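What TrEMBL says about this one:
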- 253: ATP binding site (BINDING)
- 4-285: domain 'Glutamyl/glutaminyl-tRNA synthetase class Ib catalytic' (DOMAIN)
- 381-454: domain 'Aminoacyl-tRNA synthetase class I anticodon-binding' (DOMAIN)
- 9-19: motif ''HIGH' region' (MOTIF)
- 250-254: motif ''KMSKS' region' (MOTIF)
Ligand code: GLU
């Protein structure tokens, strides 16, 4: 059976780089195993889920380079969840509870005061029919809880019960069901919480590996018995550490901070985002991996640290620059054209080492076209005039700059920084940038002359 993995976001906001970590770990693991990658939209919460976010999620993971093989929406699968509910009810494993949140809170406090674990005492399980009818007559509606297998024969006697699994990321793991409340699977308004639909879908979609954030470890302890109660073998589980910003600011789907959308709009390369998202907080050094095939090869779930994966958003700039330096002209030609950038391959090869984001190419294109302002030092006026007089005839190539500056050096007695820095400023308006030997042929003689004589207008 081929491996099948899924990424299961709820469409309540835009995906951020932390969500990308989960999505990529699943998608790239599946890809490496020649398995399938399923996008499951967890949209059972009709109020908070929005279609525009569901669409955006699909666009964003396609941009990352991991379009799913299948897409399913939980909102279209309620009949399956209902069938599972019937199975659990028939097995006596799903029971109605009529407590209000306030009543539960009072009981929780009472248990804490008695130094008992503050878990639900299962009172609802023992309500008789008459009591339940009375609650209904009072207008109460039940929520439904799953009976955890944390007792021997009497469910009143909850005892320590370890449920264990070999975690793909964390090794041997266990959760003590004796210290967990019976989970609510259905709210009083009839809506499903995440716990049951997720299990039902993982079974029906034949998911082989569930890789998700380590905030789900306790959920796994609770979900394993639900898999079993529904007659299914649980999948393998892996819980990866969560990405957190080094400055402590939280990543949140709703705040939009570091959303894939905003990173794309800012001009970051998906491979840079993917490299940072996948490699942070692992034993592999964070480097820019220019294609996802190679990134997939680096994935070793067992080498993911347990501590939170702290990352510096600023590191994205270095990774992005490294990715751009490895890009061929063909790979970027279309996007450059969309930015209004011309100059063909020669321009791209001249500037690609000087970009942080692709959008910066537009600035260099303006410079190539002589579209910039600069204040030149009047003391360099003579240098510019002599340099203009020594400009060779065209055609120019990449040797032109060095032959020319050698002559200018001889004529002016300048060398090193005092020669090159003013020339660079006059020709590009900037103190640093792409190699002038590559830029000069793009400027051409006419435009280079203009740049060298511009100081006359400005210093007059
Ligand atoms: N919708 C859940 C979440 O976003 C999915 C968790 C899971 O992968 O099972 O946290």
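Cβ from N, Cα, C; glycine included.
Computed from a predicted structure; not experimentally measured.
Of all Cβ atoms in the shown protein chains, 19 besides its own fall within 10 Å of the Cβ of residue 253 (ATP binding site).
Look at the motif ''HIGH' region' (9-19): DSSP puts its residues at 3 helix, 1 strand, 7 coil. Along the domain 'Aminoacyl-tRNA synthetase class I anticodon-binding' (381-454), the predicted structure has mean pLDDT 97.
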